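Beneath this line is the structure, given in structure tokens, with notes to follow.
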There are 4 protein chains.
Amino acid sequence: MEIIVPNVTPFTKDNRIDKDRLKEHLENLIEKGIDIIFINGTTGMGPSLSAEEKKEILNISYDVTGKIIFQLGGLNLDDTLNLLQYSRDFDIIGVASYSPYYYPQLPSKWVIRYFKTLVEKSPHPVYVYNFPAATGFDMNYELMKQIDGLAGLKDTNDNFVHSLQYKRFLNIKVYNGSDYLTVQSLTYLDGTVTAGGNYMPELLSLQKKLVSEGKINDAFEVQKTYYKFLDIARKYGQMSAHYILVKELQGYDVGYPREPLYPLTEDEIKQLEADVKEIKNEYTFILDKYGITS
Amino acid sequence: MEIIVPNVTPFTKDNRIDKDRLKEHLENLIEKGIDIIFINGTTGMGPSLSAEEKKEILNISYDVTGKIIFQLGGLNLDDTLNLLQYSRDFDIIGVASYSPYYYPQLPSKWVIRYFKTLVEKSPHPVYVYNFPAATGFDMNYELMKQIDGLAGLKDTNDNFVHSLQYKRFLNIKVYNGSDYLTVQSLTYLDGTVTAGGNYMPELLSLQKKLVSEGKINDAFEVQKTYYKFLDIARKYGQMSAHYILVKELQGYDVGYPREPLYPLTEDEIKQLEADVKEIKNEYTFILDKYGITS
Amino acid sequence: MEIIVPNVTPFTKDNRIDKDRLKEHLENLIEKGIDIIFINGTTGMGPSLSAEEKKEILNISYDVTGKIIFQLGGLNLDDTLNLLQYSRDFDIIGVASYSPYYYPQLPSKWVIRYFKTLVEKSPHPVYVYNFPAATGFDMNYELMKQIDGLAGLKDTNDNFVHSLQYKRFLNIKVYNGSDYLTVQSLTYLDGTVTAGGNYMPELLSLQKKLVSEGKINDAFEVQKTYYKFLDIARKYGQMSAHYILVKELQGYDVGYPREPLYPLTEDEIKQLEADVKEIKNEYTFILDKYGITS
Amino acid sequence: MEIIVPNVTPFTKDNRIDKDRLKEHLENLIEKGIDIIFINGTTGMGPSLSAEEKKEILNISYDVTGKIIFQLGGLNLDDTLNLLQYSRDFDIIGVASYSPYYYPQLPSKWVIRYFKTLVEKSPHPVYVYNFPAATGFDMNYELMKQIDGLAGLKDTNDNFVHSLQYKRFLNIKVYNGSDYLTVQSLTYLDGTVTAGGNYMPELLSLQKKLVSEGKINDAFEVQKTYYKFLDIARKYGQMSAHYILVKELQGYDVGYPREPLYPLTEDEIKQLEADVKEIKNEYTFILDKYGITS
């Protein structure tokens, strides 16, 4: 079972990738026991990155670890194929792509063809990234069955029946991507992809440890604290809140998001910090209880 | 009242913009009475175009006409602002942008801020392109009211109440973008934006003429023929079918779509052609009846 | 073209049908030019009425007029068939039924079978009442085509393309049931079913008159005032607001709604009255302008 | 932790409740270890039952067991209150109601008021039955928090995050009602309400036993067989398929469904039987493996 974090991408004030901060962040995640980093995901603002920037992020990340799934999807297939080609020299876990987004009512046969092309051309195992709420397209298990050679799937979905179906009907790795289903996904699927791991890697590792020891109830208790910080992220505009929460809980700076996301305002940051302060002792209490150093 | 066509973008077999075919196509549309060309729209595969390609299309189109709304939105605001800056030297009708797509649950205040930035920086009138089925975000009239200085809106929506609301509460141009509501939009709004105009510009112009003369029933009769060809487009994967339908009804080649869209197969093209053949006499009959040369 | 009103059902304080008030209300509607009364509709709380009450309402209404469509659907087919049988002695325009509601994912063949049974057993023309937002089932034109012998359809739907499709593909009466599409439905369909007619019958009749004279723009102007009162209904919990708005605009009492609807509170009524007061002169101004006595 | 079955209601060919078959069915369910029978639920065609029939079913069921939750909701509050009053003499576990269905956009304050009335008048603990796909209304945890004195909730929802939220924020019993989430609900909530228990009570009891012993993986294995028969139910029009599946797997007759549901056709029954035959040995294999007599 794996815990996977779709990392936040640190930007500078003038909208460029902040290399040093990205490195520091990934080093911390790996050190805290995260199994795989999912780069250029939604949390990392993948759809807003140019092909060049996706390469740059792969390079920076690879300096830290090879435990990488390289998300390289987009709406220009030439770009995607170039990125596949580019990834050839990197010894990584796999590549991933969301299905083509934006275009409504894409015939499913085209989406299948898209992923078949990826499998055919890829030097690495291919993971499908299913996120219907973002792409408007549901890459369900019946469509997945039509593509041979896939390695796995990230299903970002609160509908847990939906994720369980892939596990029933396909012989691939299945990860659920809802922040709120970490323990459940570790128990019934192959693991979880959770943005909350950016700022709570210790709690995420602990959930994995407890589930792997069969201590489901303890894991569920830990998850309840995990939930409380996720709630704070949602309260303040989730994706931008990540940038502040890493600082609050991990102690270092991951820079800024980039438009069309906007950084939280001064006021929002103050309120968020007050919210964190109120429950932070729960976080440290759990770490102490289980003898974890943060 | 205006009839606006979001033009098909002709690509070459190796995925580049086909300059000559684009020019020929736009010349025909203008000649047939289309009021405004909406470039880089969904039909034109706008979200798959790089910033450079969007500029190229503006250049080519401007050689033909200044009756252009230049769609320049995307997920990288720097790119969008550069395109705004670039448009400065072109004497066009306006610029447009969809709201940032893909990212689910974007706070509406960020989307408003996005459009306010555009209005502030734009050398041309700004049109909002609302297409909730594609972007996952509904830029409804209540949000629109919070942005001063907008020139208009394209609402791609079968919900006609939704489009009428903008007209009630805002003093801007309101165009509906559903292919199936051309006459209704010409009657109750400021006009229509319809991809069907790519291959039926004569019928579209005729609908406008009849509505402007108060001949609603005649316009509605013409619309029923318009519907029949729209149905064929939908039957074969709408966006790719456009490329064949232009050839069938206008007699020239507009090249190919580009991945993640795929051209129709040989078989699909044959079937489509047979479907067109069966009803094409309706098209010519109407043109004859109203004394129009195609 | 017809204007149809789904009438409010007046209840007494102890939850019984208020016979006298119902009669007075229907007399007024007929006098003001409403073509057909749609009894036991959603506005009339049809799904909350027992079979006995539905009969009672038919009896009371028939004392006033035979211009009735008798809605008799429900979740117990025996009841519905008894009501059909009961209607035999009444010389009315037709009967109607929504599709079976509540049960999710009813196979469409069962719904078709339901309506076929109605057509077979009915002594009167049968109208389908399609209201997907209430029933969870869309009785679209493709399903409708599978049922022979239907007289018409009420499509309660802001999606106007959806309503237009029935008109294209079926040779039956098609009425749209969105309050906000009265003029559009009178222009492009066979008419409108609108709850707003309960309190604005004069304006509704006027819209019909103007459309039938080809004065679409004038009709649209009248519709804009119609909209303003519809907005007030929506602001205060639409179905209960109808009871107050009849009093405000037509001057008589139609009693109370019944649980699970609740009457507006004193405060809500006061606010609603203030809102009406602010724009009531628009109402009378239009009546004066067109020489109508209310 | 509880396993709850919303029982099938056996009807005779002439649409009346089949008393003997209902009794036999409930006796079997109790004998096989089902903790609570949820009568007049969706599976039991609750919304199609008259108030008299709901009483009749309570009487028949109570002859078998007091382990009953009595669903008594509907669209006529007088009926519901009479049923509450009627239940006074029965020593049962509780009463339940779905939220008022059909009426779109009911103000949530009215729904809250509805449930408050139930709590106030009920002689028994009150359970909310949340089934948004059927009622069109989501009785989420934020609304639930506004009602004091509730005993529990059945959330029929594939969205497991949604169910977990009640558990986080309310101190009541929380049951999920998705057939496909039995083990998950037994692990993380207070239990499961599953129609599959009508025909697979042994497998359901076994899932509970294994979860309570901490054998999550074994429970999940059993669940995979449970899934296979659920799939068959869905394949043939779920609610009517239940009537055949009870016969196939439990060996006795539970009569017929009633319109607007229709019994499966002869052909469908034959195919269903063939499907069951193919995997029935899995069922008996598991019972044997765990030493259970069916």
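Cβ from N, Cα, C; glycine included.
What TrEMBL says about a protein is an automatic prediction, not a curated fact.
Your range for coiled coil, going by TrEMBL and the list D:38-65, D:150-177, D:262-289, is D:262-289.
Calculated from their C-alpha atoms, the gap between D:Thr43 (pyruvate binding site) and D:Tyr129 (active site, proton donor/acceptor) amounts to 13 Å. D:Val193 (pyruvate binding site) and D:Tyr129 (active site, proton donor/acceptor) are 11 Å apart (CA-CA, integer value). Residue environment of D:Lys154 (active site, schiff-base intermediate with substrate) contains 27 other Cβ atoms, counted within 10 Å of its Cβ in all protein chains.
With a 10 A radius on its CB, D:Val193 (pyruvate binding site) counts 28 other CB atoms from all the protein chains.
Around the Cβ of D:Tyr129 (active site, proton donor/acceptor), a 10 Å sphere holds 27 further Cβ atoms from the protein chains shown.
Straight-line distance linking the Cα atoms of D:Lys154 (active site, schiff-base intermediate with substrate) and D:Val193 (pyruvate binding site), rounded to a whole number, equals 7 Å. Within the model, the coiled coil (D:262-289) shows a mean pLDDT value of 96, rounded to a whole number.
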